[in-house]
Amino acid sequence: MTAVTTMLAHPFIDHALIAGTAVAILCGLAGYFVVQRGEVFAGDALGHVAYTGAMVALAAGIDPRAGLFAATMVAGLILGFGGARGGVDDVAIGSFFSWALGLGVLFLTYYTTHRSGGNGNANANVLFGSIFGISASTAVSAALIALGAVAVLLGIARPLLFATIDPAVARAAGVPVRLLGAVFLALVGATVAEATQLVGAVVVLGLLAAPPAAAARLTDRPWPAFWLSALLATAAVWAGVTLSYAIPAAPAGFTITAVAASCYLAALLFDRFRRYRVGAHAVPGHSIP
């Protein structure tokens, strides 16, 4: 308990956990639908768009957070409305993804040669996150934005689940599938922008996809898996922050995503073992559910 008390006595740990918990809940809940809708590639692309947006903002001399949110949310809307029948076109994502990376390199070059002013850490912070470097005001604003996004997601969760399970029936029932998909991807963009500040654009997908994928392995029921995703993502952030504090050589972005990936591996092994036991006790001639 003494070690935990000592860790929590540091203000930067408090800031990291305040922002990290709120963002983890958002990543877990939004990530559940990302995984179920088969839009993990889109989430990965948005992570790289986030980097480009931050570089554009830095080159323009404005707050990189403005670039993060503007780029990812606009990209989410474009991907959502551009896909066929409310889905996402992987070819379009790949093309957009490559262009965004090239644009990011262009603005990085401009920033480092004209604007950096000795702030050489800005690029690294966008790529790999800086959860231990956020201020109290940034932590509170990140938490409030994340909770606001969670509220929006909860408001569209039921029709979004309907459209995810059977888009044709949902469309026939009057659900605006394309609009809903675009709004959701814009929300994923905001989620990526939030998470990029903590774990970085390079590994943001680990927090967005691994906990929900683990939850889907542990239960087949949608709503329990939905909430379990948030719980696992929160656990990954807390465990990752603790590990990074205990092992200073390990960056928090790495430890958080490593714990998230470990959760998925453990859930995968548990699911395989459970299916093996069911198969071993199955009655001959009957199929395994």
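Positions of Cβ are set from backbone N, Cα and C atoms, glycine also.
Unlike curated records, TrEMBL annotations are generated automatically.
These features come from TrEMBL:
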type	residues	note
TRANSMEM	12-34	transmembrane segment
TRANSMEM	41-60	transmembrane segment
TRANSMEM	66-84	transmembrane segment
TRANSMEM	91-111	transmembrane segment
TRANSMEM	131-156	transmembrane segment
TRANSMEM	168-192	transmembrane segment
TRANSMEM	198-218	transmembrane segment
TRANSMEM	225-246	transmembrane segment
TRANSMEM	252-270	transmembrane segment
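Long-range contacts of the transmembrane segment (12-34) within its own chain (CB-CB distance under 8 A, at least 6 residues past either end) are made by residues 40, 42-43, 131-136, 138-140, 142-144, 146-147, 149-150, 153-154, 160-161, 164, 184, 187-188, 191, 194-195, 197-198, 207-209, 211-212, 215-216, 225-227, 229-234, 236-238, 241, 245, 252, 256. The largest share of C-beta pairs under 8 angstroms with the transmembrane segment (198-218) comes from 252-270, of the ranges 66-84, 91-111, 131-156, 225-246, 252-270. Of the Cβ pairs linking the transmembrane segment (41-60) with the transmembrane segment (168-192) and spaced 6 or more residues apart, 3 or more are under 8 Å, so the two regions touch. Here the transmembrane segment (91-111) touches the transmembrane segment (66-84). Their Cβ atoms form 3 or more pairs under 8 Å, with each pair 6 or more residues apart. Non-local neighbours of the transmembrane segment (168-192) in the same chain are 23, 26-27, 30-31, 33-34, 37, 39, 42-43, 46-47, 49-50, 69, 71-77, 79-81, 83, 85-88, 145, 149, 152-153, 156, 159-160, 162, 201, 204, 208; each lies 6+ residues outside the stretch with a CB under 8 Å from one of its CB atoms.
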